[in-house]
Amino acid sequence: MALVEKALMRIVKQRVLRGHEDAVQSCQYCCDDQKILTASFDKTVKLWGVEEGEVAHSFEAHTHHVNQARMSPDNKKMVSGGWDKKMHVWDVQTGRVLWTADHPGIVTSVSFSKDGKSIVSSSDLEYNIRVWDTEEGRMISEIKGAHASAVTSCNFTPRDDRLTTTSMDMTSKFWDLKSQKCTLTLRGHINIISDCSITADERRFATASWDKTIALWDIATGSYRSQGATYLKKSHEGSISSIAFSPDGSMLVSGGYDMNMVVWDADNCAQKLKLQGHESWIEDLCWSQDQNWIMSCSKDHTVRLWNVEDSDELPVVMENKRTIGVKIITCTECGKPFSMMQAEDAKSKKCVFCRMQKRDYFVPTTEDQELSSGDEAPEG
């Protein structure tokens with residue numbers, strides 16, 4: 001076993017939560033990271049206690065698979081959507097359904113606004129986005145024909161003034177809530193876009209695709225218009241299903257159908273950790289607010305909690321240049337243009353020849369190129 005793999009096994013410990021009887025489709029930390037909310041193909045939504053690792057309450061009203069469940073910011077309400085074409089809004093304390101909204105097809109995505117006053121939803125047979133009043137259960141607005149194919153995810157931006165959507169039509173879009181107009185369309189993936197994530201400051205946006213790549217978009221400066229997105233490649237062997245920025249935006253985690261999770265240094269666009277343990281597709285993942293834990297859920301019926309608080313003890317893994325987005329800049333020393341891998345040194349403005357005399361970054365051996373957490377580690 002490689003030296004770095006052994007170090008990782010000592011550092012990254014995981015807890016496995018079992019309680020669902022079918023694929024777990026979504027997961028979310030809530031209640032100040034003291035609770036976990038999950039949705040499953042077993043037709044239930046469950047609320048777990050993190051410390052006990054046990055189900056505190058099971059919400060049962062759906063008659064078919066549940067695709068997604070999300071907790072409101074005040075932790076008093078919960079929304080879920082599923083294959084029964086219904087979106088339920090629940091009272092978390094009583095477990096009672098407050099109201100239900102029917103959709104033409106399978107509900108693919110649901111999400112609360114950051115102030116908790118609105119909910120956005122999408123379904124597979126229509127290419128529309130619907131916004132709902134959380135308290136009254138009435139539809140506030142509907143964006144028809146938002147995409148040319150099914151919408152795979154829909155979310156409010158941190159400031160609650162826009163929506164982000166991804167679609168099977170291989171595009172992701174930003175929508176102004178007031179005008180209901182598309183303000184930005186991002187293209188570049190060559191297969192279905194499954195998920196997206198935006199930093200809290202709304203400066204960076206990431207999309208995950210079935211084309212096995214992650215695209216990073218600098219939406220604050222708009223540099224992608226001339227330089228394109230930065231693509232992270234070669235770390236997943238299958239379609240990427242889920243992606244999430246850490247709360248401070250410094251890291252990014254992705255999960256895929258290859259059963260692997262990859263933690264990225266978002267600033268350097270470099271792979272930091274590869275986590276293995278799930279026995280089937282990873283469906284969803286998220287960070288705890290303190291960034292010490294990553295949660296993942298899978299088709300293998302389990303939820304896993306990964307302790308990454310000591311991951312900074314490991315050096316960033318610098319990928320082969322073919323796996324990292326490339327940008328062309330001018331060397332500040334010799335004045336010649338050169339291609340810069342962001343993973344190489346995002347802050348360096350010198351070409352490789354001018355930097356030859358001083359290397360200030362870690363270069364792994366072939367043996368250490370791929371990191372793995374190995375088998376399940378014990379608690380504690």
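Going from the start of the chain as shown, residues are counted 1 onward.
Positions of Cβ are set from backbone N, Cα and C atoms, glycine also.
Straight from TrEMBL, the features:
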type	residues	note
REPEAT	17-58	repeat 'WD'
REPEAT	59-100	repeat 'WD'
REPEAT	100-142	repeat 'WD'
REPEAT	144-185	repeat 'WD'
REPEAT	186-227	repeat 'WD'
REPEAT	233-268	repeat 'WD'
REPEAT	275-316	repeat 'WD'
Report the mean pLDDT of the predicted model across the repeat 'WD' (186-227), rounded to a whole number.
95
Two-stretch contact, the repeat 'WD' (17-58) and the repeat 'WD' (275-316), at least three Cβ pairs under 8 Å:
yes
Per DSSP, how many helix, strand and coil residues does the repeat 'WD' (17-58) have?
0 helix, 26 strand, 16 coil
For the repeat 'WD' (275-316), what does DSSP give as the number of helix, strand and coil residues?
3 helix, 20 strand, 19 coil
Tally the residues of the repeat 'WD' (59-100) by DSSP class, grouping H, G and I as helix, E and B as strand, and everything else as coil.
0 helix, 25 strand, 17 coil
What counts of helix, strand and coil residues does DSSP assign across the repeat 'WD' (233-268)?
0 helix, 18 strand, 18 coil
